[in-house]
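Annotated active site per Swiss-Prot: His64, Asn137, in sequence order. Residues annotated as heme binding site in Swiss-Prot, with similarity to another entry given as evidence: Tyr347. The compositional bias 'Polar residues' feature in Swiss-Prot is assigned to 8-22. Annotation source Swiss-Prot lists region 'Disordered' at 1-30.
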Amino acid sequence: MDPCKFRPSSSFDTKTTTTNPGQPVWNDNEALTVGPRGPILLEDYHLLEKIAHFARDIPEPFVHAGRASAKGFFECTHDVTGLTCADFLPSPGAGTPVIVRFSTVIHERGSPETIRDPRGFAVKFYTREGNWDLLGNNFPVFFIRDGIKFPDVIHAFKPNPKSHVQEYWRVFDFLPHHPESLHTFFFLFDDVGIPTDYRHMDGFGVNTYTFVTRAGKSHYIKFHWRPTCGVSCLMDDEATLVGGKNHSHATQDLYDSIDAGNFPEWKLFVQVIDPEQQDRFDFDPLDDTKTWPEDLVPLQPVGRLVLDRNVDNFFNENEQLAFGPGLVVPGIYYSDDKMLQCRVFAYADTQRYRLGPNYLMLPVNAPKCGFKKNHYDGAMNFMHRDEEVDYYPSRHAPLRHAEPASFPVPTRPVVGKREKTRIKKENDFVQPGERYRSWAPDRQDRFVALRRRLAHPKVSHELRVIWIDFLSKCDKSCGMKVANRLNVKPSM
């Protein structure tokens, strides 16, 4: 038996403590010193190894640092073969193993899970044709529509670089330059801004993807996760009480529920738009700051997601769990959504920086199907290979391409000038206004009350006027209520 062919695991455990290379450790309580009170000796290899390893823990992610994961399966319940040739979405009944990561977006690891903050909802499908990562949030929209502004919007929400205190005046200073962000604000500062826990939370793909059939027919797709136990959220006073007792209440709720056999479940729905019909809407379907109205684009059921197993090791299956929207499978592809296009690179590059270039070899990230590639070298390459050819093509190792028909991609021609420009159909105020008017009066009042952050001394009178102008364009009564609270006369 060649031990090099097997990854280290708990099956190699010994009855006694060892160093990383396997030498016995006869004392893990005291460092090696000259006498009982003398200086520590550098020859204490175990001490040096222990401290050096501890000091080299991987950094926490810049976003989605607070996270909880669980494993389970996805089962197709409805036939969608007319929309996609994805191997794991055939006729009803097919099951696919998954791992799901829930997270808070902005705040650091260990922050209360009751903070008003978007929540991440990421699913990794281990399909027979590779891994598919569906990354989303608990809101269907995002703050900006162009990925070039992603670092800026995250910096605006992150703590002040001088004081390291999160201050909302920075947010209210930045976002007026991007009125498309209003729609997400009407979610974040609404009653749904603080989910009760992860089990009672919606999930949305946010970006527009593409389903492709074997014949090459494409459809634009939006993904929706709906919890079978319903959506539940916390009011501010409830969040303060819950978070004060337990900073990790949502993580504990998820773990304890699965441990008790109360398995969380979500239904997956899609919205479908034929690209040939996209011009009939008063918004751009590729704009991730917009929702697709369900009365015009109804939800279609696809399947169900069940989480029935907790992770075995938090670090291995949570901290090292890496997602990226670039991971798609035959039958599912990207769209020209500007935010999605940037995320395809950004997420993978983040993982290479944080986990190393071979992060997809880590067991939690590796595909469960067969695979063959030629880029193995680099840090943390622990896969045993014994071939002589690591290039393509070669007559010594007759590897061949997959058939083009096995991975159809959209073939729509694209013509245009090279330019940096905004999309034509911005229409930033209609959908936030419709959402506001759909609320009961008390819910509207709670939303308006959260605008008290506009009273911060660093939010200038000019900024307050701009915000009131934007809110008035969404809904005149909303703008008037905020203006009255701030004692500011609206400009319209």
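Keep in mind that glycine also has a Cβ here, set from the backbone N, Cα and C atoms.
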By the DSSP assignment reduced to helix, strand and coil, which category contains Tyr347 (heme binding site)?
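For Tyr347 (heme binding site) - judged by DSSP and reduced to three states - the answer is helix.
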How many whole Å apart are the CA atoms of the residue listed as 'heme binding site' and Asn137 (active site)?
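About 15 Å separate the Cα atoms of these two residues.
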Cα-Cα, whole number of Å: His64 (active site) versus Asn137 (active site)?
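So the alpha carbons of His64 (active site) and Asn137 (active site) sit roughly 11 Å from each other.
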Do any residues at least six apart in sequence from Asn137 (active site), in the same chain, have a Cβ closer than 8 Å to its Cβ, and if so which, in order?
Val105, Pro118, Arg119, Gly120, Phe121, Gly203, Phe204, Val206
Including all protein chains displayed, how many Cβ atoms other than that of His64 (active site) lie within 10 Å of its Cβ?
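Around His64 (active site), other Cβ atoms within 10 Å: 23.
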